């Protein structure tokens, strides 16, 4: 009975799935039980919290609470350090940290993503708003948020697909190197404008600042390794110990900054602030941020800036900053999405809302941070609700701890920044890309060099433009394979495009057809595989018709293989155009009416 059952199954399979070479496909109707999953209502997709809040339970709440507190301990020292990198006071970093975390709870789609200040956005702010009043930074956050929001509304998420992975990796490496190199001077206490000479560099090193910075670096790198310690025996004690070591590891930034600040505070209490041998952070304004309109017009140093003046001075930053932020945010979201389905447009819209709302709280431009998102993932985050707890912790720090931020040594913040970005520097693609793809190799190396020499926005622009040129060249010069084949003792030339053919590649294909026919002295019929013809239009019709006429003059048969039936009537006017499916059969070659052609086939 079992063998009979298997035979029945095989018979059913053969009936449903004909073997290749049967010469026809079978359409089957299996009813309405199988259909695409129903798409969420547009309101649930846009206010994404409505899609999961109904299933929120105690288990998820506890996991999110732990992840939110852990992330709060990570984001506070990072926000202070990134604000310093951008040339701003510490409170502006914290303003950016709390509002982004809270807004993302309601509209964000990826639980792990942490919106807030990042080294990338700090570099962009420093580049475009250096030596400008802080109002420029706030307006930039508003304008960047507006552009990002419009990109999301217009569903332009597909744009990020045009930025290849090598460019993204080179951009990340270049930005990380810029951050690390920019912080070396603060790490060593060097006070020198511009790039110092090697002699000036070593002469201006402050021993106390360098000691604090280097010790902090060593401690940070050591604590980082705690999470990777493995125990031979897996017991309840070792599991608990591993958990404790992991919490210490991910809280290393907060521990280092708190310890250094406490030492400075006790030192000042014992003597005076002048007695502290290392440089401290600037005093921070205490209190929660005020809800107010962004400063579209303001007066600074006896000059009145109108909104149009601010836009004119920001220039390309209005476009470059949101594009860079979207690129970083979508890349992070892709890394953590579970089912592989990412609504990039919704992420754009959410990031836009975070920056728009942030500008009403005097925040700097923000985006997702990979390091913090990794911390959220490792902390067991379940939903974006963790951002509420992170925001509360940041607000508590703003209302209680701001008077103490001035005791944090600058060199310790530089150590935090360098330790955060140094592991994002990745030179491994160099040899891999050289062996696998020269195009990607030049994209990567060129983007990295331009980032370091001309700035991160020019590096990103270089990578995008270069790859668009590669795409245009590929569209105009598609890859085509030519082979001599046989079908029932009939020899023919088979021309198969290995990449999609659009109207831009039609002339190249025409040239290839002519050259192939001439190379084989017009002795064999030509079979053109049309399965990769995309956006079939009048350009295709003109090319095929004229080529068929030329081949007909040379008494060469042209067979179009796998051309969609809806396009075939457009080509019926030519007597030398014939159609065939895949695979070819001898009957496909019997359509020739010209006696000379028949003789050639024989």
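Heads up, the Cβ atoms here are built off N, Cα and C, so glycines get one too.
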Stretch carrying transmembrane segment according to TrEMBL (options 165-187, 280-302, 349-371): 349-371
Correct range for transmembrane segment (source TrEMBL, candidates 2-25, 26-49, 314-337): 314-337
Tertiary contacts of the transmembrane segment (205-223) (same chain, 6+ residues out, Cβ under 8 Å): 186-191, 248-249, 252-253, 255-256, 260, 277-279, 409-412, 414-416, 418-419
Contact call for the transmembrane segment (413-435) and the transmembrane segment (65-86): at least 3 Cβ pairs under 8 Å, seq gap 6+: yes
Dominant neighbour of the transmembrane segment (383-401) in 65-86, 92-115, 314-337, 349-371, 441-473, by Cβ pairs under 8 Å: 92-115
Stretch among 65-86, 92-115, 136-163, 349-371, 441-473 sharing the most Cβ pairs under 8 Å with the transmembrane segment (314-337): 136-163
Cβ contacts the transmembrane segment (92-115)/the transmembrane segment (349-371), at least three under 8 Å, sequence gap 6 or more: yes
Range from 65-86, 349-371, 441-473 with the greatest count of C-beta pairs under 8 A to the transmembrane segment (136-163): 349-371
